[in-house]
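What TrEMBL says about this one:
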TRANSMEM  A:9-27  transmembrane segment
DOMAIN    A:95-305  domain 'ABC transmembrane type-1'
TRANSMEM  A:99-119  transmembrane segment
TRANSMEM  A:140-163  transmembrane segment
TRANSMEM  A:183-205  transmembrane segment
TRANSMEM  A:241-266  transmembrane segment
TRANSMEM  A:286-312  transmembrane segment
Amino acid sequence: MWKTILRRVVIMIPQIIILSLLVFILAKFMPGDPFTGSITPQTDASQLHALKVQAGLYDPWYTQYIHWVVNMFHGNFGTSYQFKEPVMAVIGGRAINTLWLSLFTVILTYLIAIPLGLLAGRYEDTNLDRGIMFFNYVTYAIPLFVFLVIGLWLFGYVLGWFPSGGSVSLSANGFWGNTWSRLYHMILPGVLTALLSTTSTVQYLRSEIVDQKHQDMVATARAKGVPERKVFSRHILRNSLLPIAAFMGYSITGLLGGSVFVEQIFTYPGMGQLFLNSISNRDFSVITALVMIYGILALFGTLLSDIIMSVVDPRIRIK
Amino acid sequence: MTNSSEKEKTVKTPSTMKVIWQEFRHDRVAMASLIFTIVLILGIFIYAASLNLEKVTNVNIFAQYDKPGQDGFILGADEGGRDGFKMLVIGARNSITIGFAVTIISSIFGIVYGMISGFYGGWLDNGMMRIYDFINILPEIMIIIVLVTIIPKYNAGTFIIIMSCFMWLSTARLIRSKALSESEKDYVAASRTSGTSDFMILFREVLPNLSSIIIVDTTLSFAGNIGIETGLSFLGFGLPDSTPSLGTLISYAQDPDVIGSKAWVWLPAAIVILVLTLSISYVGQALRRAGDAQQRRG
């Protein structure tokens, strides 16, 4: 098994290199350079030129690229033009907010999806199953942002049950007050996103259970006189639930893509909102860093999924 | 003579398309949603063609935030005093057009990519799948947004191309797996021994066998692409300002005052998106059921 994991990690190295090259090329196409923000009418052109030479902006592209990668490994993504702070300091706090919201959403997604998938699979072809499949069709078809906007309007404004934005209210104090306020702000975006993220898990779990039902070992268990409830909880469930665990990594990738919408709509101060904010303020050092971070996180998400998969399912290892 | 008359008598195996159509005709809900979708899209296009874009998008400050019904605006007016209903129709037309264009371009590319990858297999397939894997993990929404901001001559055409660069992936993977199993079948081997060129085998013989899957996939991606285009326009990185999209109309809801107390400005656009994506996907799901012998209802 370690061999598989090692091989999978080795595949990731060229992927990271290509990703960094791509982001570097994108960054080169973005207008401006690290000094654009500090230019004033009094700036001496020759002095600016000297600074640019010193920063290596006239070096050949591969020298610049290596320089950029080395800096990145030191956690140095440059200075944010908008905040006049190191990029990592700007991203740091936002990253924690995004992490909490994503974690909360993943947990909710599984809490909703697993029971639905189980019920649909167990009561195949009943009205319950048809209802769940209809729910699945709706969550598949609806675009996330429309659902979020309508949800915010309904529960945040019309009914007023939840705050309409932010991550923590200013009046909250003390550890518990703060934690509760944070959680309260995450409920609406978390639940709405989780509802729409259940589709693939429900679908997969349902078909997995339907498949398992017709396995010989299940027939044997039934023939032995094992009660129906136990057949499900002992024989079918275990086999069907394991692959679901492997989806965890992929769902991280999916959530990151959605975080741009969720955070923008709920004005939640995370990385997605920072990204859009930086785009409109042309803060390119932050944009570059964020695209790189999102790409690497997605890479690790798929790595995690593949590793869990190979642990859970030995057949994949042989391949 | 006798030979030819015998040939005429042999019952032709119904083509996939015919089977799908027959299954579809029996599924009343699916038929209704198909007719509904077509009528809705045609209605939007015909009405939008009768509108003068400049007249509709002209700002009329006196009508700012008119309530529905006021001054003859059926769905009220927006911040610029523009007729909400007419904006809605034009926005819907633009979103459908973009979604359609992206679907056609990305589907054709994905089909060709997937067929070549699956049909030839070996190192070619391996390499192509590596490229696929890599693009698949890219944070696509963010890269599209970055591309939209740094491309110099940005318009609806470039937007379609940028979106298509990322939307062919799922089609390619689906078609690859089907082409892979088709390429192992006897008819391909028979055709090959009789000297048919690979190109002919791929497009004259394998492609028709994939037609039902392609139709289902294209329908579902059409709905998905409308969702993604409107989402990007909602964030302000989709269609340029001169061409309103349904997403642009919903983006007015980012103003806390508009979302809270002026729902008529954005809610109709949200409902149109829901209706469009739900009905198109329903047609897609019904097509899938019809194409899959195991799931047939009728």
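The first residue you see is number 1, and the count goes up from there.
The backbone N, Cα and C atoms fix where each Cβ goes, and this holds for glycine too.
Just so you know, TrEMBL annotations are computer predictions that nobody has curated.
These numbers come from a predicted model, not from an experiment.
Highest Cβ pair count under 8 Å relative to the transmembrane segment (A:286-312), across stretches A:9-27, A:140-163, A:183-205: A:9-27.
Within the same chain, the transmembrane segment (A:183-205) stays apart from the transmembrane segment (A:9-27): fewer than three Cβ pairs sit under 8 Å, each pair at least 6 residues apart.
Sequence-distant neighbours of the transmembrane segment (A:9-27) (same chain, 6+ residues past either end, Cβ-Cβ under 8 Å): 65, 68-69, 72, 284, 287-288, 291-292, 295-296, 299, 303.
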